[in-house]
Amino acid sequence: MSGKPNDASEVVVATSSINSYGSNRSLTHRGSVNSPSSSDLPDDIAEDAQSQNENSQTASFPGTRLHFASLLIFALLFYTGVIAIALATSQYIYARYAAEVGIEDAGRNTDSSQCKGVSNATQDLRRRAAIAQERSAKLSLYTSLAQGIPSLFSVFLLSAFSDRWGRKTSMFVPWCTTFVSFVIHVLVVLLDLPLEWLILSSLVSGLGGSFASMLASVFAMVADMTAPSSRALYIGIAEAVFTVCISVSELTVGVWIRTRGFREPVIAFAVVMTLSIVPFLCFVPETSPGSLRRRQLGIVSAEPLTWRRFTDLLSGTMRLFNSNWRRAKILISLIVAFFFLSLSFLAFGVNTLYLLGLPFCWNAEKLGYFIAASSVADQIVFVLVLGLLRSRVTDTFLASIGLASSAVQNAVFGVAFLFPPPFDDITLYLSRVAGLLSKLPSTMLRAMLSKSVTATEQGAAFGAVAFIQVFASLFAGTVTNAVYAGTVASFQGFVFFVLALWIVLSAVCVGCYSHFKRRYGRQAVVIEIDGKDNDGYEVSLGIDGPGSVAEHD
């Protein structure tokens with residue numbers, strides 16, 4: 001609905017969805033003819049403009065294959081470094097605390113059952129193993145809080161600003177803070193500094209929005225470059241890159257730690273993350289519609305950040321909730337995102353502790369192979385299912401079956417420690433088979449939310465998801481590490497039953513989303529823009545019934 005109308009007295013656009021509250025009605029809005037945007041219109045009209053985005057076949061930025069490939073290469077280097085350092089740090093913390101209580105480091109032992117002696121030894125040694133895991137969980141809790149609390153504010157601000165100031169600006173800030181954080185990580189490992197320095201490292205990373213701010217900008221760029229009809233597929237490709245990062249990181253970190261210790265892999269992956277700046281500066285384009293429009297108008301200098309401009313920029317996020325159906329749809333999507341995204345963080349830390357400790361006692365190499373193989377298998381099944389069913393079933397259906405798969409996986413995973421060897425390991429493998437569809441919900445949720453907003457609101461939309469993601473990680477890190485530390489000595493698989501219940505709550509929210517979507521179904525709407533008066537424009541809506549297009553002279 002942007003741009004100046006033609007010489008004809010009116011332009012008729014047939015489209016879209018709107019709340020079915022009544023029959024015919026007419027609304028008038030006075031303003032500039034040249035650039036009416038959805039944010040300038042009344043709520044229902046803005047919703048209608050937004051819904052055109054869902055059926056549009058064009059992208060707001062006509063990106064080339066080189067642009068998209070450059071973005072993926074940047075993301076690959078950045079997240080390979082970030083994930084690898086996170087995995088190495090988790091094992092490094094456990095190794096340091098295990099050494100303090102007299103238990104051999106799991107990471108360097110070549111025997112995949114490295115603590116077999118502890119399993120068959122005295123209660124005192126078992127108590128020491130539980131102490132090492134409990135201390136590791138508590139430090140993970142502190143680092144999670146140090147990173148998550150400042151990230152709640154920075155990720156919201158950076159993502160909201162990206163729609164106007166540009167995606168690359170909102171990506172460069174978290175890159176810089178991540179770089180400083182990695183320097184602290186390297187110093188801790190090289191100099192055997194107190195582990196409490198990792199809390200400072202997490203705090204620095206959180207000031208720039210951490211991984212969530214970068215993730216929001218990457219997905220916003222993908223949305224800028226793609227048409228809504230193919231957006232889920234390209235978001236899936238971007239998530240496949242993250243799966244590759246996890247796989248490469250797990251395989252490399254596990255083997256490297258076992259053979260060479262912690263110092264070399266930590267330094268190497270810090271360098272990998274640093275190299276990501278090369279494709280970012282040289283090849284990744286600016287795609288934000290707001291930033292591009294400012295360049296077209298010749299506005300190249302930065303505006304002073306007054307309080308009024310600050311609140312105006314933040315209002316872009318508030319406009320996501322400017323009408324009843326849109327508000328309900330986005331709120332439910334964000335609630336589901338909170339439940340499911342928190343699951344990833346809930347499981348990430350405790351999975352490592354669960355498998356390194358009794359009775360599995362896996363070493364870093366075996367753990368790396370397990371997670372890498374799981375990630376690759378998940379992604380292969382994800383691509384096959386999405387390719388076969390994307391045009392046949394709804395996004396909510398795909399999200400629902402993914403949630404069911406994830407719930408079964410966690411329930412089976414949580415009882416694996418009850419079985420004697422080798423059935424304990426077999427149960428772990430079976431749990432991953434049950435969870436092969438667990439990648440579906442996150443992709444479908446991002447696609448659903450992206451198609452619910454206009455091209456100039458992608459940063460705000462993914463910023464809202466990033467805010468939820470940070471809050472979820474903060475909540476998850478607090479809850480799971482506390483639950484695991486409190487139950488590891490009595491029933492160490494209890495935390496995974498909590499995760500399964502969490503997924504059931506996510507499924508309930510998806511059901512609510514489907515209910516609202518069926519209740520406020522799509523109807524044909526005609527929007528007329530009268531261009532006779534150059535001082536403004538008039539908008540009228542005609543609704544002649546479900547599925548019909550009103551006739552207007």
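Here the Cβ of each residue, glycine as well, is placed from N, Cα and C on the backbone.
Annotated features in TrEMBL:
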COMPBIAS  21-40  compositional bias 'Polar residues'
COMPBIAS  49-60  compositional bias 'Polar residues'
DOMAIN    65-518  domain 'Major facilitator superfamily (MFS) profile'
REGION    21-60  region 'Disordered'
TRANSMEM  66-88  transmembrane segment
TRANSMEM  141-160  transmembrane segment
TRANSMEM  172-191  transmembrane segment
TRANSMEM  197-220  transmembrane segment
TRANSMEM  232-254  transmembrane segment
TRANSMEM  330-355  transmembrane segment
TRANSMEM  367-389  transmembrane segment
TRANSMEM  396-420  transmembrane segment
TRANSMEM  426-449  transmembrane segment
TRANSMEM  461-485  transmembrane segment
TRANSMEM  491-513  transmembrane segment
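For the transmembrane segment (197-220), the residues of the chain that approach it from at least six positions outside its boundaries are 71, 75, 78-79, 82, 89, 93, 139, 142-144, 146-151, 154-155, 158-159, 162, 167, 170-171, 173-178, 180-182, 184-185, 187-188, 235, 238, 287-288, 446, 450, 458-459, 461-463, 465-467, 469-470, 473, judged by C-beta separation under 8 angstroms. When each of the listed stretches 172-191, 232-254, 426-449, 461-485 is scored by C-beta pairs under 8 angstroms to the transmembrane segment (491-513), 461-485 comes out highest. Within its own chain, the transmembrane segment (461-485) is flanked in space by residues 133-134, 137-138, 140-141, 143-145, 147-149, 151-152, 155-156, 158-160, 162, 209-210, 212-213, 215-217, 219-220, 223, 317, 320, 330, 334, 337-338, 341-347, 349-350, 353-354, 445-446, 449-450, 452-453, 492, 494-495, 498-499, which lie at least six positions past its ends and keep a Cβ under 8 Å from the stretch. With a threshold of 8 Å between CB atoms, the same-chain residues lying at least 6 positions outside the transmembrane segment (232-254) that come near it are 68, 72, 75-76, 79-80, 83-84, 87-88, 91, 218-219, 222-223, 225-226, 265, 269, 363-369, 371-372, 375-376, 378-379, 382-383, 386, 390, 395, 439, 442-444, 446-447, 450.
When Cβ-Cβ distances below 8 Å are used as the criterion, the transmembrane segment (426-449) is approached by residues 219, 231-232, 235-236, 239, 243, 330, 333-334, 336-337, 340-341, 344, 355, 360, 370, 374, 377-379, 381-382, 385-386, 395-396, 398-399, 401-406, 408-410, 412-413, 415-416, 419, 461-462, 464-465, 506, 513 of the same chain, each at least six residues removed from its ends. For the domain 'Major facilitator superfamily (MFS) profile' (65-518), the predicted model reports an average pLDDT of 79.
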